[in-house]
Amino acid sequence: MSHEEDLIDYSDEEIQPTEVPANGDAAAAKGGLAAPDASGEKKGSYVGIHSTGFRDFLLKDELVRAITDCGFEHPSEVQQVTIPQAILGNDVLCQAKSGLGKTAVFVLATLQQMDEKPEPGVASILVMCHTRELAYQIRNEYNRFAKFLPDVKVGVFYGGTPVAKDIELLSNKDTHPHIIVGTPGRINALVRDRHLRLANLKHFVLDECDKMLDQPDMRNDVQAIFRATPAHKQVMMFSATLSKEIRAVCKKFMQNPLEIYVDDEKKLTLHGLQQFYVKLDEREKNRKLNDLLDNLEFNQVIIFVRSTLRCTELDKLLRECNFPSTAVHSGIGQEERIKRYKEFKEFQTRICVSTDIFGRGIDVERINVAINYDMPDKADAYLHRVGRAGRFGTKGLSISFVSSQDDEAVLKAIEERFAAEIPEFPEDGISSASYMDN
């Protein structure tokens, strides 16, 4: 059965996308279509936004104060294009490369539309993502931007924690969150058992939507939850990578969605990120990694491996070599995983060894070096991994170890997928000025 066949469908007339170019041109945005290129295909363009401030979005004073407190001055490309549309209540399907602040788009847009005095015991916003760590991070983003909205309550729900605590929280009007953040499995269980009621939901958001809708189990959970929500609501979906097939799946959940693609699909490059590869034998990886960590200047570094076993072993080896390392993978208990993620984010450790569980959406501002100790198996996974460095327009460095013919094939696929050439890392290294912000 295809993705489309088992999803809620709307009539063909309702699924007419409006595509907005990412060029900051309000008139073009109102026209709703990206200009076609010579081949007749509609594409967006990548243009930096420096003149517009968050105040121009006419956000609530409480949100503007929170934005100022966070130190943000100018919206990124994706924020500039998407926030004005999202706060009007339009359904939104947005693809934008890693590090451009997609989370802030739906956080600000939904908070802007909330009542000043939200009704106690009623959930009006639901945000789902595919990992517990990302759910935890999104919850924190809501708390950060809602700091001057004292009546707003945010709750996070995910598997691996006692469901009794969730039920207790939801059973009391005084503690029941207005904003529900979580993973599909736990949210669906709470909805199915009638502990969480979504009859008054106004906003339905999926972050890293392709990851959830591409996995049958998660997709089934998402659909079951969707059926428990009102027909009239705002639906927003975000990801750094959206294939044409997944776009079609996403739009099955939407009515007349506004499609926003910041940068066209062939240019999902990360501006400011220096990318290299190192060709070596498998047995040479540890020595080369040691050399890089000794010689590179970095704030924090994330190292990706292919399995939980390799993650544990490499973390142990690094600590034996006196490198301040921690490991994050699915084999670690939930509470310990959150604890390690928090410690890394708070700069208590400078090196994190991880599987792909850390490869999507997780935002640690100080990471400026990403190393693929093991190459990913797909080009899109590469984008999400190296996107951990050079977040939000800052500089960064990625180095990928290529040790087999399969690795070489993936490297070639990455270069073809993103129309980019990744050079070999110079034997004498590179200047830290090329990947370190002043």
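Note: Cβ is positioned from N, Cα and C throughout, glycine not excepted.
These come from Swiss-Prot:
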REGION    1-41  region 'Disordered'
MOTIF     52-80  motif 'Q motif'
DOMAIN    83-260  domain 'Helicase ATP-binding'
BINDING   Ala96, Lys97, Ser98, Gly99, Leu100, Gly101, Lys102, Thr103  ATP binding site
MOTIF     207-210  motif 'DEAD box'
DOMAIN    288-433  domain 'Helicase C-terminal'
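Counting residues of the domain 'Helicase C-terminal' (288-433) by DSSP class, helix then strand then coil, yields 62 helix, 27 strand, 57 coil. Sorting each residue of the motif 'DEAD box' (207-210) by its DSSP state yields 2 helix, 1 strand, 1 coil. Note on the motif 'Q motif' (52-80): DSSP counts are 17 helix, 0 strand, 12 coil. Every protein chain shown contributes to the tally, and the Cβ of Lys102 (ATP binding site) ends up with 25 other Cβ atoms within 10 Å. Secondary structure at Thr103 (ATP binding site), as computed by DSSP, is helix. Every protein chain considered, the tally of other Cβ atoms within 10 Å of the Cβ of Ala96 (ATP binding site) stands at 26.
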